[in-house]
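A short worksheet on the structure shown next.
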Amino acid sequence: MERAISPGLLVRALLLLLLLLGLAARTVAAGRARGLPAPTAEAAFGLGAAAAPTSATRVPAAGAVAAAEVTVEDAEALPAAAGEQEPRGPEPDDETELRPRGRSLVIISTLDGRIAALDPENHGKKQWDLDVGSGSLVSSSLSKPEVFGNKMIIPSLDGALFQWDQDRESMETVPFTVESLLESSYKFGDDVVLVGGKSLTTYGLSAYSGKVRYICSALGCRQWDSDEMEQEEDILLLQRTQKTVRAVGPRSGNEKWNFSVGHFELRYIPDMETRAGFIESTFKPNENTEESKIISDVEEQEAAIMDIVIKVSVADWKVMAFSKKGGHLEWEYQFCTPIASAWLLKDGKVIPISLFDDTSYTSNDDVLEDEEDIVEAARGATENSVYLGMYRGQLYLQSSVRISEKFPSSPKALESVTNENAIIPLPTIKWKPLIHSPSRTPVLVGSDEFDKCLSNDKFSHEEYSNGALSILQYPYDNGYYLPYYKRERNKRSTQITVRFLDNPHYNKNIRKKDPVLLLHWWKEIVATILFCIIATTFIVRRLFHPHPHRQRKESETQCQTENKYDSVSGEANDSSWNDIKNSGYISRYLTDFEPIQCLGRGGFGVVFEAKNKVDDCNYAIKRIRLPNRELAREKVMREVKALAKLEHPGIVRYFNAWLEAPPEKWQEKMDEIWLKDESTDWPLSSPSPMDAPSVKIRRMDPFATKEHIEIIAPSPQRSRSFSVGISCDQTSSSESQFSPLEFSGMDHEDISESVDAAYNLQDSCLTDCDVEDGTMDGNDEGHSFELCPSEASPYVRSRERTSSSIVFEDSGCDNASSKEEPKTNRLHIGNHCANKLTAFKPTSSKSSSEATLSISPPRPTTLSLDLTKNTTEKLQPSSPKVYLYIQMQLCRKENLKDWMNGRCTIEERERSVCLHIFLQIAEAVEFLHSKGLMHRDLKPSNIFFTMDDVVKVGDFGLVTAMDQDEEEQTVLTPMPAYARHTGQVGTKLYMSPEQIHGNSYSHKVDIFSLGLILFELLYPFSTQMERVRTLTDVRNLKFPPLFTQKYPCEYVMVQDMLSPSPMERPEAINIIENAVFEDLDFPGKTVLRQRSRSLSSSGTKHSRQSNNSHSPLPSN
């Protein structure tokens, strides 16, 4: 009794309870055993269709007319056919005799137009089955997409019409019925003419034999076996009402759409009544709702037969009998087509069986008593339920109460579609369907008897999915229940709300719906799985990997293409450009260089590639905004001067530097010109080599009226790299003018103090943090970046860089190198930054807040190219902005880490080659130490190669003086040593123990890093996990057995270099002179050794002089 209020109530069907006379003494097992009816012959009217055997399982009806081609045929036209065969009434079973009066029958009308009679006293055995030959009760083309687009009209069996809106997912009652259409004007709109009609046909049947006695229609009556008709025989009067509407074009006569609905009505005529003057049955559910109401507990004695209650499942096409005591299933009969109507013939009366009776019979009396009010409310709610079903591809509606009568009907409603001023409110049924089956996926049960009925489902879904927009999207759902609530109808006069109902107490002994194989839907299943996988992958990548292109291999990226920007135009641009020209300021950068492209930006500046107008060679120009504080600016300039003096074959160096102080807002307006084009993708953080766009100025004159800006984006056709050294472009610039290709290093005026704090570094202002990439040692989220990676190099691995530093390799203008590989030059921007702030005491809350922002990594937020971005707190600069321009050498980018990643086996790493590489690294480190400097951040990603395979040590962001006193170090590096570098696992992996623990350290930290680099050169790793684990063990002097056996001499040297005590580590000069390198034989060994000794000697003398006069990084 709780089924009306719980979600599982309607999964099987809404069943009507009628009490029939039955046999109380029979058990459930005996009832099931005897409840299987034998196939019977059936009378065929008109077409003489053969009888279709049915049983307790679903079997398709033979000779059933396809729903898509149903034509309503009145029975009166058949007698005039020549050679017509007399219709043959159904033959009773062998053991069946004519039933005397008083016996009960269950009469069932199905959608295929057949009438069947079941004997409830004989376990539901089919008494007779009759096909009157007039076709299906429902046929329509209104639901096809080509008729009304995304809307479809669904007819009801009683003549009402509903409209399904797929976009709104709602069911609306159409304010006209079939009869109103027929009564309206024949012309419907300008392009539609309505034709059709309503036909009534009456059939006289023998109540207990099912033989057709006569058929009457508008054309007359015809009788069969009138002589044999017994005067005392009971007669069943069946009246079929069929309504048909067709819409045709007035000019062509082509049919546009049609639909036809019909239903049967039944009346019982006892033997004492006359059959003359038959009047239409009084049992119409629309006219007398009292006889169509749900049978309550008071009326159960009328529908009970020996304590057996009859119920009909509309969704499962079943008629079932339950025992009143215990609610056990006594018998059931399965039809092969949907049930349209049902009647109980008992004691000379015809009782309509409501198809939406949801009363549940259970032995739990306590539940019924405790929830009596809820059950009564649910019974009243489901009394007005609507069932949306599908038969042979055609959607239809069934309801125990005509919902359309609750609302006004307008015969000319469709004519208002063309009238914009016409407003007709349409009642709406919210689309919250109640699936009739408790288990949507059927259990596969093998049975030959089910095959015929299963084919009906298959035909229905196949035809419907091809011809209409599917509402029933699941193949194992024959329909949905749409219960209509009176309470909500009173609150909302124009809305019908659908609610989910369930009944957990529904009898579980009822047999599940017949199974349907899933093999037919394998394509849909596979497509759904693939779509889910693709959608999930896409969502995960977008949510957790916002920049997947940055994870590509550097060898797969491109440097630039010739994808051009449109010329900057518009009144706003002209206004800004006029202001720039009228300022009268002339930039040295724009005077001496022709900007080619923007290579990227880092935490402290923007890097451009520019061509010198004098020598036609390409350089890397880096623009840095200097801090406003004098002390911080002084330290920046001192470090730049010191690094510019480093000249060694194994060390990259700077070329030139100058300062520019443009007028206020001048630099911002220049940058704004470049950011006008929305197609320029400037990331919030520093661009990676994979997505950094290249911008090229073709023609822009500060004093011209028009300017032309072109973009050079990444291109797969570009060569491997930028050239080592400064390449000589043999072709002179075709453009005589140049443009201010610059980006404001500080587009937010509120971070000036933050920059001051950030520039109070012991490390170089030109450097940023370069993090070792890898699975376990940092996920490339450092601060250095390397632009324009090699496309063809097999060693390059993906890396995400945000460096503000530039390390350039051999200088000079090598024409030969440029001619051989004119576009193989590569720029490396990857010098390490300290990420350390000066230990200063903020003088105000603002400066303290800004210092906090500067300390927080990553630092790219201190330099933003987004000129439209405003912060909530702005500070006006106390002095004009000053920019430092540094002219640096373009160099090839292929670091040692990429080289090792491309050689993952010992066989691929020859001992002599690895030692040769290491020796060159040691030579460069020895030169640094001889100059009184220490690198402090040696690792494979900071070691580079020239075009002729000469090793270069770069990324001098953490270079500092070896003799720097403790006081200055405190001033310049307030953070712990391990935090001063990057705080990332990648760099920390190569740091010495004293750096990690924050203790004081010396130049021996570079020796510790050299030991790890030598080990990694000789001992390859297959995975990053193995690399991290092994290097961690080696730091603790736990070497792999393979390394100690294969390289005994190198093992001893590495063990000394990795000593926990800095005093026990050898000097760089001792490493170079180690006996391990004596046996090496490679070209240029002698020259390299002599050059190294010469530079070291001169460097030592210079260092001594510097110590007497001033240090490379003098302190205040």
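Glycine is treated like the rest: Cβ placed from N, Cα and C.
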Annotated phosphoserine residue, as Swiss-Prot has it, among SER686, SER715, SER739: SER715
Among TYR214, TYR619, TYR883, residue with annotation phosphotyrosine (source: Swiss-Prot): TYR619
Residue from SER732, SER845, SER1094 to which Swiss-Prot assigns phosphoserine: SER1094
Annotated stretch (region 'Disordered', per Swiss-Prot) among the listed ranges 77-101, 277-301: 77-101
Assigned element (helix, strand, coil) containing ASP937 (active site, proton acceptor), judged by DSSP: coil
